[in-house]
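Annotated in TrEMBL:
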ACT_SITE  Lys29  active site
ACT_SITE  Asp189  active site
BINDING   Pro147, Val148, Gln149, Ala150, Gly151, Leu152, Gly153, Gly154, Gly155, Ser156, Ser157  ATP binding site
DOMAIN    117-197  domain 'GHMP kinase N-terminal'
DOMAIN    257-322  domain 'GHMP kinase C-terminal'
Amino acid sequence: MMALARDAQDADARKFRRPGAVRVMAPAKVNLFLAVGDKLPDGYHAATSIMHSLLLHDVLWMKTEPQNAFWDENWATLDGNVVETENNALANESLRISLSVRNFDGLEPLAVAPEDNIVVRAVRMLHRELGRPAGDRLAMHLEKRIPVQAGLGGGSSDAAAALVGAARLWGVDQDDPRLEAVAQRLGADVPFFLRGGCACLTGKGDVFDHALKPMKKPVVLVKPSTGVSTAAAYRAFDAAPCPIDAAVKERAVSAAAAEDVPLANNLMSASEGLLPELAAVAEWLGSQSGVESVLMSGSGSAFFGVCRTFAAAAAAAGAAKAAGWWARATTFSSAAAMLVPLR
Ligand SMILES: C[C@](O)(CO)[C@H](O)COP(=O)(O)OP(=O)(O)OC[C@H]1O[C@@H](n2ccc(N)nc2=O)[C@H](O)[C@@H]1O
Ligand SMILES: Nc1ncnc2c1ncn2[C@@H]1O[C@H](COP(=O)(O)OP(=O)(O)OP(=O)(O)O)[C@@H](O)[C@H]1O
């Protein structure tokens, strides 16, 4: 039974295990430090953010498809979801994309139409930015392990992975500044995933300021079944802004290593106001044996606990699942959205 399920899961990915395709890892992140500041004229908020990538990741498979009659006839049947051709801003520019998505670890299917999936938006935007000719075709398959509305940056990391994969398939250098420009337009968290590791970002939390030495410690992630909308958390913040103490912020921005960053997040009370269950998650996680420190990541609703050992992280994750929450034991990592072997 298990083997059958595994085969079915592998069927979509198998279509991509061939020369010319790419496989991109899209790691999750946590915010070790998040200081949200004033609302800016465009509605976004100034933010100083220190993010750290994790070993937990989604996987995005991508391949280009030839323009030929066979493909035209079979397009709709080769992959689950087909995103119809869109004529982009330039009259002679169009990109045809197919996308299938598979959810792992009991995650609910994404409540988002394929054409609105951020990986599709990302490759469309890059296609336009690069001024590519009409007729490009891309097939994509996304394996989701990072829950949504968690503050773990899943969608943002998928978007960065799509940019990295498309750049390789279209022969563009990964350091090309057009990737970073598109990443910034896609969302505040997206640029971080082009570098990964541990980094301090300023502006709206989207402008790289400096790298910190990453850590390798074990982490447990715990998320209640309800998520928090990032936009709603920022709106709730505006109703009751609570600045972070200047001395704490100074310590955070001057830290050279992830381990020296004081854990702080001033979106927490806003998110807690939207989802009171968060207080219970924080208290429960803080009381687990071997969990050294606890913080909500981004706008929530996931919390992370930095653990003494991986065994402690695994035990806390098991107990959290038994309490009805989504949970994972993982570790901090220095990964970015990056190409990995096809295997
Ligand atoms: C909470 C964090 O995840 C911390 O890393 C980020 O600040 C949010 O990053 P993100 O999910 O990539 O956010 P985006 O997709 O760019 O924006 C979602 C919504 O969050 C609000 N938003 C986001 C970032 C920011 N600096 N100010 C904001 O006010 C805006 O209402 C925006 O419409
Ligand atoms: N590939 C994708 N993965 C996850 N969500 C996606 C994706 N594409 C579009 N979305 C939409 O984007 C919304 C935000 O996704 P997610 O919670 O992963 O965002 P994020 O900004 O990357 O992370 P964070 O929770 O840190 O804000 C989802 O609720 C979903 O509607």
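Numbering starts at 1 and runs along the chain as it is shown here.
Cβ coordinates come from backbone N, Cα and C, glycine included.
All TrEMBL annotations are machine predictions without curation.
Features per TrEMBL, on structure.
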residue	record	contacts (Cβ under 8 Å, 6+ apart)
Lys29	active site	Met51, His52, Ser53, Leu54, Leu152, Gly153, Ser156, Ser157, Asp189, Phe192, Phe193, Ser297
Pro147	ATP binding site	Leu107, Gly154, Lys223, Gly227, Ala302, Trp326
Gln149	ATP binding site	Gly227, Val228, Ser229, Thr230, Ser301
Gly151	ATP binding site	Val30, Asn31, Val228, Thr230, Met296, Ser297, Gly298, Ser299, Gly300, Ser301, Ala302
Gly155	ATP binding site	Ile118, Val148, Gly187
Listed recorded positions adjacent to ligand 2, that is, members of Lys29, Pro147, Gly153, Gly155 whose C-beta is under 6 A away: Gly153, Gly155
Candidates near ligand 1 among the recorded positions Pro147, Gly155, Asp189, judged by a Cβ under 6 angstroms: Asp189
Asp189 (active site): secondary structure state under DSSP, collapsed to three categories: coil
Non-site residues, in chain order, whose CB comes within 8 A of the mean position of the CB atoms of Pro147, Val148, Gln149, Ala150, Gly151, Leu152, Gly153, Gly154, Gly155, Ser156, Ser157 at ATP: Ala28, Ile146, Gly298
For Asp189 (active site), the number of other Cβ atoms found within 10 Å of its own Cβ: 27
DSSP state at Lys29 (active site), helix/strand/coil: strand
Three-class DSSP secondary structure - Gly151 (ATP binding site): coil
Confidence summary for the domain 'GHMP kinase C-terminal' (257-322), mean pLDDT rounded: 98
Which listed residue (Gly153, Ser157) has most other Cβ within 10 Å, given these are binding-site residues: Ser157
